[in-house]
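Engineer: Here's a structure for you.
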Amino acid sequence: FKGGDTCEYLLSSGRFLGEKVWQPHSCMMHKYKNSEAKNCLIDKHIVFIGDSRIRQLFYSFIKLINPQVKEEGNKHGNIPFEDKSASIKVDFLWYPEVNGSMRQRIKSWTEGSVAKPHIIVAGAATWSIKIHNGSNEALTQYKINITSIAPLLEKLAKSSDVYWVLQDPVYEDMLSESRKMITNEKIDAYNEAAVRILNSSSRNSKAKVKVFSVSKLIAQETIMKSADGLHLPESSRDTNAMILMNVYCNKIMKPIDGSCCQPQPPLTLIQKLAFCFFTLSIIGYLIINLIHRNNYRKNKSCTDLESGEEKKPAISTPNVSTLEMLLHSFCKLGLIMTYFYLCDRANLFMKENKFYTHSSFFIPIVYILVLGVFYTENTKETKVLNREQTDEWKGWMQLVILIYHISGASTFLPVYMHIRVLVAAYLFQTGYGHFSYFWIKGDFGVYRVCQVLFRLNFLVVVLCVVMDRPYQFYYFVPLVTVWFMIIYATLAIWPQIVQKKANGNCLWHFGLLLKLICLLTCIYFLSYSQGAFEKIFSFWPLSKCFELNGNVYEWWFRWKLDRYVVFYGMLFAFIYLALQKHQMISEGKGDPLFSNRVSNVLLFISIVSFLTYSIWASSCKNKTECNELHPSVSVVQILAFILIRNIPGYVRSVYSSFFAWFGKISLELFICQYHIWLAADTKGILVLIPGYPMFNVLVSTFIFVCVAHEISQITNDLAQIVVPKDNSTLLKRLLCIAGFFSGLLLFSAMQDQSRH
């Protein structure tokens, strides 16, 4: 389903999500703040011309600029408004009927003697119905008058934005006796006349009077809450004003979460080069594939005419070459990236705003937990945090985070705080896993570092190029990348202390603890010295990686939020491996981790700690204050979960293969959701099938998971080619990669210069 003209949809159709949240058909509406409204309307003159309903819209509109404005003054007269700080003028002109007076005022703007307003919002009808007691003659005269005004409005529409507001329905039971003649039947007749006559002389012209008909839909749902049956309640008026602001300002301000009325962004130079590269990869793969097929046909076994036996070919089918594998991977990746671009950059598919309800978050959570328990299998090994268990942990956490994102649950503080613990748990695993590897293996070679960095960053680098987004936008990958390098540097710098060396002399354990204390000191210093942190990451070319919206504040905030948890992961790994070495824990199948008494005590403490943290997180009132405490206390729930999951022998011996499967592609799921499951860079929801929300989620989820799985396989295949084990070959590849990034920085600088 093509997105179509989202401006037209915004002005004409939509539905309510809950009681007060309006969802336009096919696109997302941005909620404008006062500062944004002023920036958009700077040096603009806006005119509202019409009756009391237009006056209501006028007040709601100017409150978006200045919330302190009060509805006072002459109700049946002109009302001026001016914001001198932004040079914005907004006038309400009292013309309750479409008549000669209104025509004369509109005509004055077309003649050039008076400056034309930049935006004109007009509409009237109920007074004509009321004054003439709903007579047919009044309707005939209305048609004549609007016919005379229409060409003037169409002429103004060539240089200004002109909106004609259709009449909202009334709640007839609440109307006073003096308004009983204003019926919905009469209103429909007047609206029909306005729609038929307006733009009749400019059907094929781009300059048209925009018919503001969405107000009718909003009124149908809310008019029963009206105070007098005629005028809309305040929340509905505010929605209409916000729609008006989106129609005009989205193309100027280009908010990420305001896809309505936004034109498709032009392709950048880097995006064009990426398109050419993927196109050549697809063509190259097809050519090689055709050559191999032809060779296979030539060498295919043929029947001997004399004996009737098949002769086998002398040459066997050739193995897949490195070049073919490379082109095959880039061919698939090119098709996948096309889908990414169509979903979240081209105006092809629809997008909608998120709307949080408790059921939209908790029901899917219960559903996936039941599925996870259903797919329970025995683990291959029963060690603490074995591979299957960590994959399972990553899997269910990733699924919960995905549900959290699509349901918009960040608005509910208790859920937000628990999700922050899940993100911290990922980083805890980063500290635990990488420390364990370096400590046990003692492998600090370049190959290992390059493999990890490639697997973490490949997809994000491709998306930065294709989707024209900064590296820091995908904040989690920079976070785990930097922490991996910190872990590596901590353990690799002299003296290199590994388990093999420490087993020979216990003093080396104290040396390692000293290194960890130095690391903790550095983390503490940087977390309370924003200036020093920003200076480190503001140096070029680091600034190109970590800047977002022109500064590194977002990067500092993300890093600071979970600053201690990687250190906790490293410390936990050190303590666990030391206990394991000295045989102080029992990891046999079905055996509790410690003696029964110790296990029971630790299990009780863990359950109490886990629940205590949940109670504290659920009682959070202020996000800022809770975020300040989070880095220090999140480890409580993480350690409690690890002990609950590993102390009982039976629990440690089983895992959920369902969650583990998702855990193996958790990084790809986290990154891909930005563009092909959610929309507008996670601010909204992708709509492949409009009108059927549940079916849409099922279809988009299926595609999203398949794509993430395919990208995981492509990354693994390319990692073997791009990062070979041979050091001399690896060095050449690293020089090529350095050249690629140098070119990327050069083209990026050229793009920035052209934009400015």
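From the backbone N, Cα and C atoms, a Cβ is placed for every residue, glycine too.
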Engineer: Need the matching range: TrEMBL marks transmembrane segment on one of 631-650, 731-750, and I'd like to know which.
Structural biologist: 731-750
Engineer: Are there residues at least six beyond either end of the transmembrane segment (269-291) with Cβ under 8 Å to its Cβ atoms? List them, or say none.
Structural biologist: 321, 323-324, 327-328, 330-331, 333-335, 337-338, 465-466, 468, 744, 747-748, 750-751
Engineer: With a cut-off of 8 Å between Cβ atoms, can you find at least three pairs linking the transmembrane segment (446-466) to the transmembrane segment (659-680)? Only pairs 6 or more residues apart in sequence count.
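Structural biologist: They do touch: at least three Cβ pairs between the two stretches lie under 8 Å.
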